[in-house]
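Chemist: Input: one structure, supplied below.
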Amino acid sequence: MADDFLVALILAGGRSSRMGRDKALIPVAGVPLLRRVVEAAGSCCQQVYVLTPWPERYQAVGGSYNLLMETNPGQGPMVALATGLSQIDCVWLLLLACDLPQLQPDILRGWKEQLTLVPPSHLAMIPRHGSRWEPLCGFYRHQALESLQEFMATVERSLQRWLDQVPVTPISVGTVESQMLLNCNTPEDLRAIASEGTSANL
Ligand SMILES: Nc1nc2c(ncn2[C@@H]2O[C@H](COP(=O)(O)OP(=O)(O)OP(=O)(O)O)[C@@H](O)[C@H]2O)c(=O)[nH]1
């Protein structure tokens, strides 16, 4: 069977220490954050995976997704991305944090359309904001795995620094996209979203 062209990997194994409780399960406009991300991912990807050391916590979040058990947790997003790539057959993988309440499916689908234009030598297509990448809402080729493993062998664990060193197609980020990329780390972030109302179109 042919590999899926695009799958999503949602990371739900962080400590949520700034939030003080599990971010993935916090409802925003009545819908748990993880479910919002699952549904946005499902609108443009053939399969959606959630990587977590606590699959039992997320069994009943709702939406359509596969839980992937993380046996080496707490190593951060770069290790988690490599873990996902080593377990999933695909051409491209859309990596998403679980704390993106304002993802817009139409923007994600527009970005997906651009994947066919990425030069074969480029390992990723990632939103870029000024001098910063947004690696937790970005697209990675399956072939990136080898390069990630080599990079991590030097004890580096920074996706920002890896992206600075390999060929990457940047996605330019305007006002709408930058709103969509705002994540939710603290109770203050949650209050700001609640008071503004979320623009997520889920
Ligand atoms: N599966 C997995 N996800 C991770 C890991 N580290 C971070 N994440 C996820 O990566 C995303 C961004 O994480 P952060 O907000 O930077 O870190 P966090 O640990 O969740 O939160 P803080 O403790 O407040 O820093 C979230 O979706 C996290 O759940 C990890 O080791 N494994």
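Backbone N, Cα and C define each Cβ position, glycine as well.
According to TrEMBL, the protein carries these features:
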type    : residues                          : note
BINDING : LEU11, ALA12, GLY13, LYS23, ASP99 : GTP binding site
BINDING : ASP99                             : Mg(2+) binding site
DOMAIN  : 8-165                             : domain 'MobA-like NTP transferase'
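Buried or exposed, and what's around them? Tell me for each listed feature.
Modeler: For ASP99 (GTP binding site), other Cβ atoms within 10 Å of its Cβ number 25.
In the three-state DSSP scheme, ASP99 (GTP binding site) falls into the coil class.
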Chemist: Excluding LEU11, ALA12, GLY13, LYS23, ASP99, which residues of the same chain place their Cβ within 8 Å of the centroid of the Cβ atoms of the recorded GTP site?
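Modeler: The answer, listed by sequence position, is ILE10, GLY14, SER16, ALA24, LEU34, THR52, ALA97, CYS98.
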Chemist: Let me know the most crowded of the binding-site residues, choosing from LEU11, ALA12 and counting other Cβ atoms within 10 Å.
Modeler: ALA12
Chemist: What's the most sparsely packed of the binding-site residues GLY13, LYS23, counting other C-beta atoms within 10 A?
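Modeler: Output over binding-site residues GLY13, LYS23: least Cβ neighbours within 10 Å is GLY13.
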